[in-house]
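According to Swiss-Prot, the feature phosphoserine maps to Ser47, Ser68, an assignment based on a large-scale study or a structure entry. If you look up Swiss-Prot, you'll see 72-94 marked as region 'Basic motif'. The region 'Nuclear localization signal (NLS)' feature in Swiss-Prot is assigned to 75-92; the stated evidence is experimental evidence. Look at Swiss-Prot and you will find 235-261 tagged as region 'Necessary for the translational pausing of its own mRNA', backed by experimental evidence. Sequence annotations record features per position, and here Swiss-Prot assigns topological domain 'Cytoplasmic' to 1-185. Residues annotated as topological domain 'Lumenal' in Swiss-Prot: 204-261.
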Amino acid sequence: MVVVAAAPNPADGTPKVLLLSGQPASAAGAPAGQALPLMVPAQRGASPEAASGGLPQARKRQRLTHLSPEEKALRRKLKNRVAAQTARDRKKARMSELEQQVVDLEEENQKLLLENQLLREKTHGLVVENQELRQRLGMDALVAEEEAEAKGNEVRPVAGSAESAALRLRAPLQQVQAQLSPLQNISPWILAVLTLQIQSLISCWAFWTTWTQSCSSNALPQSLPAWRSSQRSTQKDPVPYQPPFLCQWGRHQPSWKPLMN
């Protein structure tokens, strides 16, 4: 057991008293259960700034030459116990902080899930309402289109009106019908002109192919006699072939090396 008694006034030079007791004391020769008083001298030469409560100076490491091995072991054990307890306290505080963070995050997650569910329900209701409005506006657009065709050339509604919005929100089937309507309005005489142009192109192409074939067949017999005459002239007067000049190999050559038998 270690008991530390601090001095009442740190400015005084009174020493501190350490009472050490335990099993090592009996091993050293002292009676068991008897405390060993130890006088530790206080810090001498303290500056007036430290005595008056000013900035503390850097404390030098105290030498333990005046302590016995048993006292040093007890001091080391005490320091280890204090350090372990401090580490446990820090770990416990950290774990409590993390647990509180987990609880807060779970509460926030539950709030977000509830808000997400409400937003999904609201979105579903808006989608259903949007589909109903699209259907209503599509029927109104058909009625307005029929009225516009019956009246003829009238002033079209300005952009941003209810009728223009209805025309933009028509069903896909109505859009397909609107795309096919220009093809149905083509007059028959335009189709007739297109067919006549296609027929004229076909006839021109047929005439061109027959004319080129006839020209090629007429030019072939005229070119055959000329080709045959040129072949005969080359056969009658052939160009004399002169063999290349071959330099003889002998002693006059610089690389002449006869074989020695």
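Cβ atoms are placed via backbone N, Cα and C, with glycine included.
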Among all the protein chains here, how many other CB atoms are within 10 A of the CB of Ser68 (phosphoserine)?
15
Mean pLDDT for the topological domain 'Lumenal' (204-261), as a whole number?
71
